[in-house]
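**Student:** Grabbed the feature section from Swiss-Prot, which reads as follows:
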- 189-200: compositional bias 'Low complexity' (COMPBIAS)
- 466-475: compositional bias 'Basic and acidic residues' (COMPBIAS)
- 495-507: compositional bias 'Basic and acidic residues' (COMPBIAS)
- 20-152: domain 'VHS' (DOMAIN)
- 221-309: domain 'GAT' (DOMAIN)
- 164-219: region 'Disordered' (REGION)
- 466-507: region 'Disordered' (REGION)
- 330-335: motif 'Clathrin-binding' (MOTIF)
């Protein structure tokens with residue numbers, strides 16, 4: 001295609017675009033940009049030649065410095081050229097085939113390039129939505145939104161409108177400028193520091209300055225004063241930019257935020273005066289400096305607006321978070337006297353306040369403390385005496401039926417009771433007659449043992465004879481293979497065994 005149509009940079013407007021988008025430029029050449037707009041408006045093939053040159057510079061270019069300069073030229077031309085150029089720009093082939101391809105993920109462009117392209121598409125879609133022959137960009141914009149592409153937030157009311165003004169640099173005889181009134185020039189330059197501020201929005205980069213009056217020229221002294229004042233503006237822009245870089249939205253200090261807002265108001269007032277001078281000063285060098293300062297102001301204003309949006313959004317999130325925390329704490333309502341309903345403010349109070357709050361809780365009559373206090377209190381000493389008395393009486397009743405063969409066991413039991421009494425020590429017995437009852441019981445057992453005599457040898461022989469006769473009447477049984485015959489149990493021993501079992505059952 002290039003072979004048939006020739007080099008896009010060979011045309012007059014193509015040469016200007018090649019120079020204006022050269023990557024070696026330190027900043028935008030606004031004089032050259034406005035000259036490109038004039039050529040497009042005045043020549044028949046200007047719009048087509050300009051689009052060919054811009055496509056060549058944008059298509060597949062990985063030098064994003066040149067891409068940003070080309071996008072600035074494109075934006076300037078759209079705002080300063082007519083319908084013929086708009087038709088070329090809003091065509092679907094250019095928007096989808098060139099601009100959208102620049103921000104594709106495979107090219108991995110910088111964020112500033114992505115934001116610039118998306119902002120241009122969004123602004124053009126909004127401006128040309130009502131024009132039937134310029135809706136190609138509108139369709140691309142809607143498709144990108146359906147795909148989930150997030151466009152940067154932009155205050156469309158604060159941006160300059162897309163229109164085609166008259167020629168920005170009128171053709172005036174240079175000799176006419178020499179006859180300009182000195183009073184008019186002095187009043188023009190004094191506007192930078194003495195004019196009152198008005199609430200007019202700032203213009204976007206590349207926006208056309210309004211025509212306020214006729215062109216004026218200034219002497220070296222006035223230019224020096226103007227440049228010194230521009231240095232002050234640059235200093236304010238630098239301070240504001242550094243503050244925006246250092247500050248975090250939602251975490252800024254009150255004094256820093258107040259200073260930043262003051263700088264924003266001051267810089268906006270200065271920009272209004274700069275925009276007024278851009279259209280009236282005929283010195284190209286001064287005009288270029290004014291345009292550069294205006295562009296810096298626009299950039300820092302965009303950063304400030306983004307900072308404010310993030311700050312307000314963060315503060316709104318924090319407010320919603322606090323409200324939701326309070327709501328969650330009060331979900332369970334246990335009544336006005338419930339200790340579970342504690343607000344977040346009470347959690348950080350001093351321990352004394354917490355103690356006073358706990359002390360003021362209303363405890364009902366059915367609580368555990370009231371129930372325990374209502375129980376009858378007994379002396380532990382009385383409880384032990386009652387237990388000892390019960391054990392003593394039951395033991396005395398059981399001992400009445402027990403017989404002993406060995407009189408020495410009597411002394412052992414008495415000594416054991418004495419030891420038990422010594423171990424109990426300082427616990428007094430409620431009734432002093434208990435020990436007397438035990439002694440009486442032991443004396444009765446002793447008398448019973450004395451009356452009971454052992455088995456005599458005659459009785460034992462008689463018992464053996466009876467057993468032998470009984471054994472003769474019983475049929476013979478096979479004797480066990482080993483072991484001795486069982487010994488007959490003595491009736492006295494059987495009695496002792498039965499008494500021991502009774503004692504165990506009683507215990």
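Start at 1 and count along the chain as shown; that gives each residue its number.
Any Cβ shown, glycine's included, is placed from N, Cα and C.
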**Student:** Summarise the domain 'VHS' (20-152) by DSSP state, stating how many residues are helix, strand and coil.
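**Tutor:** Looking at the domain 'VHS' (20-152) with DSSP, the answer is 93 helix, 0 strand, 40 coil.
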**Student:** Mind looking up the mean pLDDT for the domain 'GAT' (221-309) in the predicted model?
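**Tutor:** Summing pLDDT over the domain 'GAT' (221-309) and dividing by its length gives 86.
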**Student:** Would you mind splitting the compositional bias 'Basic and acidic residues' (466-475) into helix, strand and coil residue counts from DSSP?
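**Tutor:** Each residue of the compositional bias 'Basic and acidic residues' (466-475) counted once, the result is 8 helix, 0 strand, 2 coil.
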**Student:** For a three-state summary based on DSSP, what are the helix, strand and coil counts in the domain 'GAT' (221-309)?
**Tutor:** 77 helix, 1 strand, 11 coil
